[in-house]
Amino acid sequence: MTAPVAPETAARTLHATKGHGTQNDFVLLDGRTGVDLGADLVRALADRRAGIGGDGVIRLVASADLPEGAAVLAEDAAATWFMDYRNADGSIAEMCGNGVRVVAAYARSLGLWDPADGELVLGTRAGVRRVREVEGPAGELWYAVDMGTWFLPGGEQAAADGFDAQVAVAGLDVPRPALSVDLGNPHTVLALAGEAELDAADLTRAPAVEPVPPHGTNVELVVPLGEERDADGAALGRVRMRVHERGVGETRSCGTGACAAALAVRAWAGPQAPDVWLVDVPGGTVRVSVLADGHVELAGPAVLVADLDVDPTALAG
Ligand SMILES: N[C@@H](CCC[C@H](N)C(=O)O)C(=O)O
């Protein structure tokens, strides 16, 4: 870990990096500079007209420097770095699947992680996440994240019924049954009849979920597209998804949301359903796999597009 820069330097210029994972975009900050991530600064950086623009702001910070870091260090002492994730509205979220991949690319660019040395062990507010470099379907660089365990908040009854909530979406005629899925952060998944309905949904307004989730929720609209075979002949499910994110609005991708969507569709499909799913989102495609140990894995690209020097006084103005 390099020494923090002097506070007076940090006040003059804020160094930021812009990155995205399937177009879920983030402003990335190096916590070693001592940047204090208040909600006002998050909103100003995420502003698409007066700031840099992003669905979220992520500070990569030493776990030892955050109160929440103690829990992840107790879980795994190797989790020396922590993903301090904030939504564009300034709210704190427990987890961000695309964010973990983008943080991996960021940590690599800062010289904090080399995939040749093994997995990146990263602290998050949902616990430790492990990242490794993998090959994408076209041989491109992807990152795979072990997203850990997941559960249905509605329990066995929801698993049996296939739903535990109702969601009204602008542009769709009637409220639809939906399934709550917890990936460390909350999700509510509803299946639509077809792609025409998916295109008709108006996500400029937040869907209305009943019963109202106590901490809000991310809402995924999905259309199952059936099964295909991978190069080795193994079954592969495919779904198309749009998402309305808590604390953001409609985004072009959501990694935890893609996991929730695949897990819900898999639950609806029954015991013969595939363990591996391709999830098509407006910003690209990610792969979700249910692993033998019951964990879920998210794989997809991560891209860093710019390094920026930001004048905090201009942002504030
Ligand atoms: N886009 C993220 C999820 C970000 C947090 C979410 N908006 C929440 O409030 O739970 C992802 O890729 O998982």
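Cβ coordinates are placed from backbone N, Cα and C, and glycine is handled just like the others.
The annotation substrate binding site is assigned in TrEMBL to Asn24, Asn87, Gly97, Asn98, Asn185, Asn218, Glu245, Arg246, Gly255, Thr256. Annotation note: Gly97 (substrate binding site) sits in a helical segment as assigned by DSSP.
Taken from TrEMBL, the feature active site, proton donor applies to Cys96. Just so you know, the Cβ of Cys96 (active site, proton donor) picks up 30 other Cβ atoms within 10 Å once every protein chain is counted.
Per TrEMBL, active site is recorded for Cys96.
Sequence annotations record features per position, and here TrEMBL assigns active site, proton acceptor to Cys254. The Cβ of Cys254 (active site, proton acceptor) has 36 neighbouring Cβ atoms from other residues within 10 Å, across all protein chains displayed.
Highest Cβ count within 10 Å among the binding-site residues Asn24, Asn185: Asn24. Listed in sequence order, the residues Gly56, Ala93, Met95, Cys96, Gly99, Val243, Val248, Thr251, Cys254, Gly257 complete the 8 Å Cβ shell around the substrate site centroid, once Asn24, Asn87, Gly97, Asn98, Asn185, Asn218, Glu245, Arg246, Gly255, Thr256 themselves are left out.
For Glu245 (substrate binding site), the Cβ neighbour count at a 10 Å cut-off comes to 29, with all displayed protein chains included. When the recorded positions Asn185, Glu245, Cys254, Gly255 are screened for a Cα within 10 A of the Cα of Cys96 (active site, proton donor), the ones that qualify are Asn185, Cys254, Gly255.
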